[in-house]
Each structure stands twice: as C-alpha cells, then as structure tokens.
Amino acid sequence: MSKDKKIDTTLSGTIIAAHGRHYLADVNGEKFQCVTRGKKTNVAVGDVVHLVQTSNDQAVIEKIAERTTLLYRSDQYKSKLLAANISRLFIVIATEPGFADDLVSRSLVAAEAAGIEAHLILNKTDVADLLPRARERAGVYAALGYPVHEVSARTNPEHALAVLRPLLAGQSSIFIGQSGMGKSSLINLLVPDADIAVREISAALDTGKHTTTFTRLYWLPDGAAIIDSPGFQEFGLYHLSEGMLERAFVEFKPYLGGCKYYNCRHLAEPQCAVLTAVAEGKIAKHRHELYAQLLHESAQTLY
Ligand SMILES: Nc1nc2c(ncn2[C@@H]2O[C@H](COP(=O)(O)OP(=O)(O)OP(=O)(O)O)[C@@H](O)[C@H]2O)c(=O)[nH]1
Ligand SMILES: [Zn+2]
C-alpha cells in the first residue's frame with residue numbers, strides 16, 4: 001500500500017537550471033521548482049533526479065541518480081559543480097578579445113580528469129588580421145588531439161550550424177568560455193528559442209535581472225542536450241590530486257614512468273622524462289608551467 005503511494009508521488013526529471021540553492025527540473029516537459037533537503041548544494045545541471053512533489057509546480061529533490069560524468073571547479077574552500085552527465089565540453093575561444101591559455105588548459109584538464117571529450121571552437125574567424133595568430137595558438141591544442149572547429153557566428157551562421165550540429169547530435173554538451181568570445185551568439189544559433197527559455201527559467205527561479213548568471217540546459221530537437229554556463233574568470237582545480245594532474249595533461253603520457261624516481265613530481269627532479277621533454281620543446285612550456293601551478297594550488301587545500 002505505502003509502496004503504491006510512493007510510486008504516485010515520486011517523479012523523475014532532469015535539472016535544467018541552477019541558481020544558488022534553487023533548481024528547476026524538467027519532468028517530461030513540465031517544469032518544477034526544486035529545493036534540496038537541508039542545506040545540500042550537491043546538485044548540478046544535467047543531473048537526473050528523483051523528486052517528491054510538494055505542490056503544483058514545486059518539488060523536493062530526494063535523490064540524485066548515479067552520474068556518468070561530473071565537471072566541476074574548486075578553490076580551497078568549496079566546489080562549484082558545472083554540469084553532470086555531459087559527454088562533450090566545448091571551449092569557445094575567439095580571434096578577439098584575446099583568450100587566456102591558462103583558462104583553456106584548466107578547462108581541458110578538468111575535462112580529462114572527468115572523462116569528458118573536449119573540443120575547441122575558434123569563433124570570429126571573420127576578423128582576418130587576427131586569425132593567423134589565433135590559429136597558431138589554437139594549434140597547440142589541436143596538436144594535443146583536441147579538435148578545433150573554426151566558425152564565424154556572425155558572418156557565416158549557416159556554416160557554424162553545419163559544423164556544430166553533427167558534433168552535438170546524440171550528445172550532452174556544455175559550452176564554456178570567457179566573456180565576449182561569442183558563446184551566447186552560438187547558443188542562440190543552435191537553440192533559436194533560447195531567449196524565451198531563459199526568461200521562463202529566470203521567472204521560475206526568480207533570479208530577477210541576473211539572467212546570464214546561471215547555468216541552464218536546453219534540449220535540441222533530436223533529444224540532445226546543450227548546457228550554457230556563465231562566463232568565468234578563474235577555474236580552480238584544487239580537487240585534483242597529483243596523480244590525477246599528471247594524467248590530465250595528455251602530452252605527459254608518453255613520458256610518465258620514464259623518470260628516474262618513481263614518485264617524480266616533474267618539477268625539478270634530476271633525470272625527469274617530462275622536464276626533458278619540456279627542454280626539447282616536445283611539451284609546451286606554458287602547459288608545464290600550468291601543471292606546476294596546479295600542483296602548488298592543490299597543495300594549499302585546507303582540509
Ligand atoms: N566579428 C565577430 N563578432 C562576433 C561573432 N560572434 C559574436 N560576435 C560579437 O562578439 C560579442 C560578444 O558576443 P556574445 O555572443 O555576447 O559573447 P559571449 O561569449 O556570450 O559573452 P558574454 O555574454 O559576455 O558571456 C558581441 O558583440 C557579438 O556580436 C563573430 O563570429 N564575429
Ligand atoms: Zn618526472
């Protein structure tokens with residue numbers, strides 16, 4: 001008897017927006033405003049959740065289904081969940097304004113550690129005078145095996161759609177990027193009614209004017225999901241252990257195990273295969289510097 005009752009009141013849905021401790025879940029097209037029990041903030045956009053309905057359009061998140069992936073940032077104080085259950089990460093960069101290699105690499109490292117396939121989108125290829133330099137910089141990542149897709153959202157939207165649609169099909173994707181790269185322009189191309197959806201979501205979450213400060217998920221007609229996240233200025237990776245870090249730099253892989261000391265940290269040790277590769281130009285200096293910086297940061301962890 002009580003078992004039957006439970007089936008009646010428990011819903012299953014997907015978290016499509018998160019703002020502070022307020023979440024919006026999509027249950028077969030119906031939207032529910034959700035909260036967690038207690039002060040938990042361990043829910044991410046993309047999470048599949050079990051809900052207990054409390055009113056017409058409100059529910060409590062009872063349970064988070066096991067995740068296939070979880071992308072997150074962290075500093076020494078807390079973690080910030082970016083998205084759950086995604087299969088692809090798209091980092092939007094552009095010819096202008098200039099993009100930060102530090103943020104691109106941090107995003108790539110986060111994706112590697114989470115087992116998510118990462119791609120770069122080089123937007124604004126119409127800015128012809130800055131294109132060669134941007135290509136050269138993006139080429140560093142292409143050489144590491146990360147696909148780089150060139151588009152111009154503004155001057156050639158049809159081409160951008162033709163490039164991106166097949167990459168999104170059947171996937172759960174997240175778009176991230178620094179402010180000004182054209183991420184919103186691309187999302188609006190891919191999700192024509194994104195503006196309406198954002199207004200609906202912000203009304204439901206009562207976010208007021210801060211419409212661009214929350215992460216949200218859109219469904220594409222084929223059932224694929226695309227998650228738009230707010231622009232960010234920093235990408236802390238305090239949660240990654242030393243072992244995870246060295247493996248998240250894909251170009252280190254051929255050299256791991258080749259160092260004199262089995263517990264080599266690849267910082268200043270003698271006969272370090274990674275340092276030798278840096279000296280020989282086989283590993284980009286800025287990537288190794290970031291690795292050292294991330295090791296330093298994760299050593300600052302308070303707990
Ligand atoms: N030249 C050129 N400009 C573009 C292109 N795509 C977008 N822009 C312009 O770049 C600026 C930033 O675009 P947005 O789409 O707002 O960029 P965003 O990355 O979402 O930036 P935030 O909203 O600040 O996070 C706008 O002025 C766009 O019109 C492009 O392909 N070429
Ligand atoms: Zn080493």
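Any Cβ shown, glycine's included, is placed from N, Cα and C.
A TrEMBL annotation is a machine prediction, not a hand-curated record.
The annotation domain 'CP-type G' is assigned in TrEMBL to 75-235.
What TrEMBL lists as domain 'EngC GTPase' is 84-233.
According to TrEMBL, the GTP binding site annotation covers N123, K124, T125, D126, G177, Q178, S179, G180, M181, G182, K183, S184, S185. In the three-state DSSP scheme, S179 (GTP binding site) falls into the coil class.
Sequence annotations record features per position, and here TrEMBL assigns Zn(2+) binding site to C259, C264, H266, C272. Under DSSP, C259 (Zn(2+) binding site) is assigned to coil, being neither helix nor strand in the three-state scheme.
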Practice prompt. With a 10 Å radius around each C-beta, find which of these binding-site residues (N123, T125, S179) has the fewest other C-beta atoms nearby.
Written response: S179
Discussion item. Based on a Cβ-to-ligand 1 distance below 6 Å, what subset of the binding-site residues G177, K183, S185, C259, C272 would you report?
Written reply: G177, K183, S185
Worksheet item: What's the CA to CA span in angstrom from N123 (GTP binding site) over to H266 (Zn(2+) binding site)?
Response: 35
Practice prompt. Would you kindly give the Cα-Cα distance separating H266 (Zn(2+) binding site) and S179 (GTP binding site), rounded to the nearest Å?
Written response: 33
